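S.K.: According to TrEMBL, the record shows the following:
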type: BINDING; residues: Gly244, Pro245, Ala246, Gly247, Thr248, Gly249, Lys250, Ser251; note: ATP binding site
type: DOMAIN; residues: 223-513; note: domain 'UvrD-like helicase ATP-binding'
type: REGION; residues: 1-22; note: region 'Disordered'
Amino acid sequence: MLSSKGLPSPDTASGDIDQVGGTMANIRRERRLRAAEQALAVQTHLSSSERRVLTGILANEGWQLLVSTTAFRPGRPTAFAIGPTGVFAVVFAATMPNPSQFGELRKHAEEPLARLALDDFRFVPHMAEIVVVLPGRVRPESDGRIHVVDEPGFVATLTGGDRRYKPARVAQLAASTIDKYTHLRLDLIDESDSPAELFTETDLNEAERAAALARPFRDWMTFLDPAQLSLVHANFNGPARISGPAGTGKSVVALHRMAHWAKRNPGRLMFTTFVKTLPTFHERGFAHLAPRAADRALFTGLHAWTLRFLKDRDVPFNLDEAAVNASLADAWRRVRHTLTGVKGTDFGYWHDEIDRIIKGRGLRDSASYLAVQRTGREGISLLPSMRNTVWEDWYVPYEEGLAARGAHDFNDLIALAVEELRARPLTGDERFGLVVVDEVQDFTLRQLQLVYEIAGAREDSQLLLVGDSQQRVYVGSCTLAEAGIPVPGGRGRILRTNYRNRAAVLSYVQRIDTAGSVDDLNGGAGVVIRESNATLPDGRAVEARLTRRESLAALPQAIRDANLNPDADIAVIVSTRSDIDRYLTVLRRAGLRAMPLEHYDGTQPTDIKVGTVHRAKGMDFTAVFLLLANPPTTHPGGRDTEALRSRQHLVAASRARDYLWVCTLTD
């Protein structure tokens with residue numbers, strides 16, 4: 001019988017096991033290092049230092065190389081290192097490249113990758129990172145265009161990013177045939193698939209698309225189709241526009257263009273929009289596409305930027321909501337009986353007349369107001385006498401009320417910012433090399449003028465305007481030309497293929513009659529969603545007609561009956577702000593986690609988001625539950641109201657990818 005004295009203690013046994021494990025790991029590393037040295041030793045056209053640097057990454061598990069078969073050529077990749085964190089073009093240089101050479105470095109890095117396509121996968125060349133290896137000791141740094149490293153910092157730079165590819169994908173990419181490059185890999189270790197595998201924006205065909213649909217919804221948000229790659233690479237020599245129906249990938253193209261630009265140019269980038277929830281939503285996607293340029297990109301709502309800009313420039317203003325409301329109330333008391341005599345109008349209608357038409361267009365006198373075309377309000381034709389009444393008895397008293405209180409509204413702040421920028425344009429670190437404006441169809445003329453000034457207000461300004469006139473959810477609109485933004489036909493693109501909605505969802509959305517014509521944001525003919533083709537099969541769209549009381553119980557049950565995945569991104573879209581609190585309470589009492597949509601920043605995918613279409617526009621969700629108020633309209637302005645309501649209906653319903661539940665409230 002063996003005495004307990006003959007047994008190692010538990011602690012000793014554990015230590016021995018750890019020591020053995022550490023020894024085995026060291027042996028594995030040594031074996032890989034020797035094998036990598038041998039593989040590169042035959043590449044006699046490489047210098048000893050180049051072979052040594054490349055040995056370091058090839059010896060890492062999960063990494064493979066494509067090594068140039070030609071002698072050293074300055075500014076061209078000696079190798080492509082391919083591993084879990086991406087594809088890296090390795091350029092050896094004697095001295096730090098001049099920034100003017102960065103464009104050539106990028107060109108030479110992407111050229112060999114341009115035709116890199118597999119049976120079920122296509123690589124997007126601008127996703128490659130450039131690593132310049134310098135001799136001696138240098139501090140590793142990156143500006144989003146290139147990484148500069150020395151030999152000791154090389155491996156850490158390549159392996160330190162987020163995981164993009166599983167080993168099988170790495171092997172596929174590295175095994176691709178690239179002219180004048182040879183494939184090096186080590187077959188010593190059976191490398192299993194990583195559980196941290198991520199779908200990336202480069203998975204571009206049907207097989208990969210099908211796999212992506214099973215992943216968390218947020219990973220779908222940077223999907224780029226091969227047909228859109230040319231839009232990312234297009235060289236616009238001035239302001240440009242991208243239009244097209246809902247779901248055609250306009251915002252994704254814009255994000256990829258930002259990433260593409262950031263990897264080729266110094267300077268800051270700006271993404272802005274009228275919807276305050278969208279910038280944070282898209283900021284995460286950009287950080288995934290260009291993580292090392294994220295600190296150069298500003299994602300912000302236009303109003304938030306304007307406030308910060310005016311404060312930084314010491315431009316005095318007083319944004320006082322109470323004073324604004326009091327000024328409106330005083331002016332309304334004097335004119336309400338006259339204005340409400342126009343059938344189909346109320347306080348909201350006439351407030352929009354000031355906000356979106358008069359001040360939104362920057363009209364300075366009654367003559368300008370008499371001459372302006374009130375786009376989107378044609379259902380109620382205002383005769384000159386009524387326009388004079390609106391100006392003299394409604395707008396002017398409101399402005400006098402603001403002046404008496406020393407207050408400004410948001411339109412005033414936009415005007416102040418435009419005037420300040422025209423007097424003193426952005427300079428130095430204030431400047432933005434590229435400005436992207438999303439949901440541009442809902443910008444007022446003055447807001448368009450502001451973003452043009454932010455971009456530099458030049459004919460060659462890099463300003464990208466993205467939107468769809470069929471998705472306007474606010475009254476009043478204008479063309480880019482009216483705002484003084486030069487966008488000739490050659491700098492406009494219209495997208496037609498739907499990548500967001502499954503077939504059943506798209507079929508429902510295409511039945512919504514939004515009436516009226518659709519333009520390309522600049523007065524030309526546009527494309528309506530009815531003309532889009534679905535790329536995603538299946539899906540489900542359910543319709544119901546219920547009273548408001550019935551909907552309170554039906555909504556939680558409908559969400560449960562949908563049998564959605566636990567990580568599904570779900571939105572409940574309602575008609576009014578008061579409905580938000582009502583349905584939030586209903587969902588929470590039913591034991592479902594819910595939050596206001598306006599607080600959503602992309603990091604709470606499992607909470608059900610509840611909000612109006614004005615907050616949901618521009619976003620995508622796995623499933624949408626839409627509560628649709630549909631009161632009848634018989635007044636002369638009914639055509640305008642119905643058209644606006646139909647566009648809001650279309651925008652809300654088209655947010656859904658897989659599942660759509662539409663409840664028309666009958667009361």
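Cβ atoms are placed via backbone N, Cα and C, with glycine included.
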S.K.: Around the ATP site formed by Gly244, Pro245, Ala246, Gly247, Thr248, Gly249, Lys250, Ser251, list the extra residues of the same chain whose Cβ is within 8 Å of the site's Cβ centroid.
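M.R.: Same chain, not in Gly244, Pro245, Ala246, Gly247, Thr248, Gly249, Lys250, Ser251, Cβ within 8 Å: Asp468, Leu495, Asn498, Tyr499, Arg500.
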S.K.: What mean pLDDT does the predicted model reach across the domain 'UvrD-like helicase ATP-binding' (223-513)?
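M.R.: Mean model confidence (pLDDT) across the domain 'UvrD-like helicase ATP-binding' (223-513) is 94.
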S.K.: With every protein chain in view, how many other Cβ atoms are within 10 Å of the Cβ of Gly244 (ATP binding site)?
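M.R.: That number is 26.
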S.K.: Only counting partners 6 or more residues apart, tell me which same-chain residues put their Cβ under 8 Å from the Cβ of Ala246 (ATP binding site).
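M.R.: Looking at Cβ-Cβ distances below 8 Å from Ala246 (ATP binding site), excluding near sequence neighbours, one finds Asp468, Gln470, Gln471, Asn498, Arg500, Asn501, Val509, Ile529, Leu650, Val651, Ser654.
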S.K.: Within 10 Å of the Cβ of Lys250 (ATP binding site), how many other Cβ atoms can you find? Include all protein chains, please.
M.R.: 27
S.K.: What's the number of neighbouring CB atoms sitting within 10 A of the CB on Gly249 (ATP binding site)?
M.R.: 22
S.K.: By a simple count, how many Cβ atoms lie within 10 Å of the Cβ of Ser251 (ATP binding site), its own Cβ left out?
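M.R.: Its Cβ has 25 other Cβ atoms within 10 Å.
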